[in-house]
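Here's the structure we're looking at; comments come further down.
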Amino acid sequence: MERANESSLMSFILLGFSDNPCLESALFVLVLFFYILTLVGNFAIIIISYVDPLLHTPMYFFLSNLSLLDLCFTTSLAPQTLVNLRGPEKTITYGGCVVQLYISLALGSTECILLAVMALDRYIAVCKPLHYVAIMNPQLCQQLASLSWLSGLSNSLIHATFTLQLPLCGNHRLNHFICEVPALLKLACVDTTVNELVLFVVSILFLLIPPALILISYGFISQAVLRIKSAEARHKAFSTCSSHLTVVIIFYGTIIYMYLQPGNSYAQDQGKFISLFYTMVTPTLNPIIYTLRNKDMKVALKTLLSKKLC
């Protein structure tokens with residue numbers, strides 16, 4: 001009870017980039033710019049995928065889920081980050097930190113699974129085209145999407161709850177600009193072996209197994225594409241798959257570096273910039289990559305804009 005009362009009254013000081021005020025001003029502009037782009041780009045993909053009947057396919061259903069994820073994920077972090085970058089006080093309430101931790105963990109974990117599901121969709125589309133419609137039926141798509149969201153939620157409930165049970169003994173200076181597990185573990189005044197073990201298991205389940213499955217699926221996809229005789233069909237298959245593969249590389253590259261970086265101060269400073277890229281820039285890149293490299297999406301966007309202008 002005493003620790004609960006202490007937690008309810010405590011706020012965290014987010015050190016972030018406070019040692020460099022000039023950098024904070026520049027980062028405020030960049031974060032605001034990318035946040036607006038994220039909102040516009042991902043809302044556009046969701047609306048276009050819903051309005052255009054030609055895009056009512058499994059691929060765009062999962063892409064809409066990814067866009068919704070990115071919208072929610074960035075919105076759970078960007079407003080607080082902007083307040084701290086702009087204002088003199090770099091604080092977040094204990095309750096705010098808890099909410100931020102649960103939501104960002106759930107959405108980040110969901111995206112790990114969803115990207116693997118999207119790779120499965122591309123594998124079936126390229127390697128089993130004659131059975132694609134029968135296999136990837138709407139019911140299965142909804143089940144796979146639900147599995148992704150529930151997996152992320154389950155991970156968040158377990159992982160965040162384990163972390164929040166740790167006594168902090170008055171430590172409330174968080175060397176980060178957001179509330180995340182590794183930074184909170186450093187504040188604990190007790191042995192964190194069990195928590196680190198949970199973090200290791202979670203990393204295996206969400207950061208190693210999904211990308212391994214994605215790489216295997218793209219190995220089969222590459223073999224299938226190379227056997228296609230039509231140059232146009234081969235180019236379309238490569239173009240569609242390369243968009244997803246680019247997103248996978250950016251997403252997993254940054255998040256794996258975040259969680260596997262060394263513990264020295266230089267690496268921690270680097271980690272803040274990597275985290276900033278992962279949380280603010282990556283959600284902006286996803287709609288850009290899928291729009292620029294996807295002919296169907298570009299045609300649908302032009303059609304929608306022409307109707308609005310008319």
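The backbone N, Cα and C atoms fix where each Cβ goes, glycine too.
Taken from TrEMBL as is:
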TRANSMEM  26-48  transmembrane segment
DOMAIN    41-290  domain 'G-protein coupled receptors family 1 profile'
TRANSMEM  60-79  transmembrane segment
TRANSMEM  99-120  transmembrane segment
TRANSMEM  140-158  transmembrane segment
TRANSMEM  197-221  transmembrane segment
TRANSMEM  242-260  transmembrane segment
TRANSMEM  272-292  transmembrane segment
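Put simply, of 60-79, 99-120, 140-158, 197-221, 272-292, the stretch with the most CB pairs closer than 8 A to the transmembrane segment (26-48) is 272-292. Put simply, of 60-79, 197-221, 272-292, the stretch with the most CB pairs closer than 8 A to the transmembrane segment (140-158) is 60-79. Within its own chain, the transmembrane segment (197-221) has Cβ neighbours under 8 Å at 109, 112-113, 115-116, 119-120, 122-123, 126-127, 155, 158-159, 162, 181-182, 185, 237, 241, 245, 248, 252, 255-256, 259-260, counting only residues six or more beyond its boundaries. This prediction places the mean pLDDT of the domain 'G-protein coupled receptors family 1 profile' (41-290) at 87.
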